[in-house]
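As recorded in Swiss-Prot, the features of this protein are as follows:
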BINDING   35-42, 62-66, 80-83, 147-150, 180-182  GTP binding site
BINDING   S42, T64  Mg(2+) binding site
DOMAIN    27-201  domain 'EngB-type G'
Amino acid sequence: MSEIKLNYHKTHFLTSAPNIRSIPEDTGIEIAFAGRSNAGKSTALNALTNQKNLARTSKTPGRTQLINLFEVEPNYKLVDLPGYGYAAVPEQMKIQWQKSLGEYLQKRECLSGLVVLMDIRHPLKDLDQQMIEWAVSADLPILLLLTKADKLSQSARSKQVKMVREAILPFQGDIQVEAFSAQNKIGIDKLAAKLDFWFSPLFAK
């Protein structure tokens with residue numbers, strides 16, 4: 001597989017979709033970003049691309065209800081999935097969304113990898129584990145980013161990373177776990193390197 005290095009600073013907004021069935025055709029390579037409503041997903045995308053307002057951040061958890069697609073280069077897309085697990089969303093909507101999310105992860109042919117973001121202080125909640133299960137069952141590689149790592153001391157951070165790495169072993173999937181902080185620039189290089197690796201099959205053809 002040929003090694004590539006994409007310039008994520010050139011990433012731009014492509015389109016928004018109200019649901020999984022409305023996203024553009026299944027071509028190129030997509031990498032999806034998922035996480036609980038307060039996991040810092042938009043902040044991570046902005047840090048990766050070095051753009052303050054590429055993905056809109058909100059003080060109100062659950063604000064991102066649309067699926068937002070961003071283009072790194074033609075045929076290379078990042079997909080920002082709506083935050084899950086927000087209490088104020090009606091139960092029926094939650095159930096419907098979780099069902100379509102599972103479908104997307106398991107049936108989308110151009111999906112090359114999944115980045116799951118979790119607050120380092122509260123990792124592996126039920127829905128996080130559900131996302132991991134779906135991805136593993138679809139043979140999809142996963143990068144778990146433990147966000148807000150700057151909130152912990154270095155030793156506490158290392159302990160949490162070790163704990164999560166051990167906790168995910170039973171899933172038996174291709175799962176990498178890294179600490180991440182947009183504020184302190186922790187893990188941004190590892191995120192970019194993983195995306196490069198996942199995007200590379202198209203370059204190798």
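Backbone N, Cα and C define each Cβ position, glycine as well.
Taken residue by residue with DSSP, K41 (GTP binding site) is part of a helix.
Rounded to a whole number, the distance between the Cα atoms of G35 (GTP binding site) and S42 (Mg(2+) binding site) is 10 Å. Most Cβ neighbours within 10 Å, among the binding-site residues G35, P82: G35 holds that distinction in the structure as shown. By the criterion of other Cβ atoms within 10 Å of the residue's own Cβ, the least surrounded of the binding-site residues N38, S42 is N38. All protein chains included, K148 (GTP binding site) registers 23 other Cβ atoms within 10 Å of its own Cβ. Under DSSP, G35 (GTP binding site) is assigned to a strand (E or B) in the three-state scheme. Of all the Cβ atoms in the protein chains shown, 16 others lie within 10 Å of the Cβ of L66 (GTP binding site).
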